[in-house]
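Over in Swiss-Prot, the protein carries these features:
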type    : residues                            : note
DOMAIN  : 9-245                               : domain 'ATP-grasp'
BINDING : K46, G53, R54, G55, E99, S102, E107 : ATP binding site
BINDING : N200, D214                          : Mg(2+) binding site
BINDING : N265, G322, I323, V324              : substrate binding site
Amino acid sequence: MNLHEYQSKHLLKKYNIPVPASEVVFNPDAAVDAAAKIGGDRWVVKAQVHAGGRGKAGGVRLVKNKEELKSAVKALLGTRLVTYQTDERGQPVNQILVEQTSDIARELYLGAVIDRASQRIVFMASTEGGVEIEKVAEKSPEKILKVTVDPAIGLQPFQCRQLFFGLGLQDLKQMRSFTDIVMGLYRLFTERDLSLLEINPLVITGSGELICLDAKINIDDSALYRQSELREMRDTTQEDEHETMAQQWELNYIKLDGNIGCMVNGAGLAMATMDLIKLSGGDPANFLDVGGSATKERVTEAFRIIVSDKNVKGILVNIFGGIVRCDLIADGIISAVKEVGIDVPVVVRLEGNNAQLGAKKLADSSMNIIAAKGFADAAEQIVKQVGVIA
């Protein structure tokens, strides 16, 4: 789950991490009131969307008076912001962050992620702040400093100092401030079950202060059950509607660009299914794992989600029956196809407990369901069926 910038900064303040004074607003008049509360004679207007690249897309604007402020907020609210990280439809702008301007002398990058290889939290820092860190990693990886956190003892102050001096900084007052910031970010990361935390940029002001000018936070979805405060911050308007619907039924769904819908029980089998579709000359339209308990209700909702994608020209269902009986799965598929009213070909491969009985039920049904003879046959059949339609 992603947070908006204003929500991320709300969390940073709770951990005593310095951020500029700001207010989130939902209409132009409120923006003027926010500016009066913040003070100053110049402000930064920031569209709140779950995407990077807002500045280049016109979603971040510097305004020099309250008339410009009101005009900028009015121009952004209710629009859809298209950046390099969104699709062509963009993301809806429903709120604006009005922020105090900062006297920027230097921009740095600071971030933390979970490294899957070492299974540990890794903190990263770079002198290349204010730019896309992915490009820095691609073109100049040596400019990214890293420290790995031992989970047995946690982040240590000496590791913060390693990053500080690695950035070419020397001022002792700044070192203490930097250490406090990084240690605070570590507490935030671990206590709130984050999967990604980025401060880009972390700025040094003209007076030598360190301020987190922008913040990006991703939370581990699997931990939301114990993060009630963060769970309430979810903005479903920024998420794919199909993925939101899938989450309500505990289905793991990710939309792709192809035209062959996939429904599989098990993430590993789902990935193998997509691979085999590609090898057979087709393109998967989604990743969808119905999990171990492929009940009739969940199968029905999975079909609804798949066919709501207008690009889908055929569906491949690949089920391995371990504890679940394949004949009961077949009954659920037949019932779901009838209930949803699917008019594209459906190829089903069943393997495991009562697979032959399940395949017979599919073959004997009057529905447009093809019972495949094996994994490879299933992929070839659906690619063939979709090719005929195309």
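Counting starts with 1 at the first residue shown.
Every residue gets a Cβ built from N, Cα and C, even glycine.
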I want to verify one value. Collapsing DSSP to three states, which class is I323 (substrate binding site)?
coil
What does the structure give for the C-alpha distance between V324 (substrate binding site) and R54 (ATP binding site)? Integer Å is fine.
47
Relative to the Cα of E99 (ATP binding site), which of the binding-site residues N200, D214, N265, G322 has the closest Cα?
D214
Counting only other Cβ atoms and using a 10 Å cut-off, which of the binding-site residues E99, E107, D214 scores lowest?
E107
Cα proximity to S102 (ATP binding site), best match among binding-site residues N200, N265, I323:
N200
CB contacts for I323 (substrate binding site) [other CB atoms within 10 A, all chains]:
8
If one measures from the C-alpha of N200 (Mg(2+) binding site) to the C-alpha of R54 (ATP binding site), what distance in angstrom results, rounded to a whole number?
13
With the ATP site defined by the record as K46, G53, R54, G55, E99, S102, E107, how many Å span the farthest pair of C-alpha atoms?
20
Roughly how many angstrom lie between the C-alpha atoms of D214 (Mg(2+) binding site) and K46 (ATP binding site)?
10
N200 (Mg(2+) binding site): secondary structure state under DSSP, collapsed to three categories:
strand
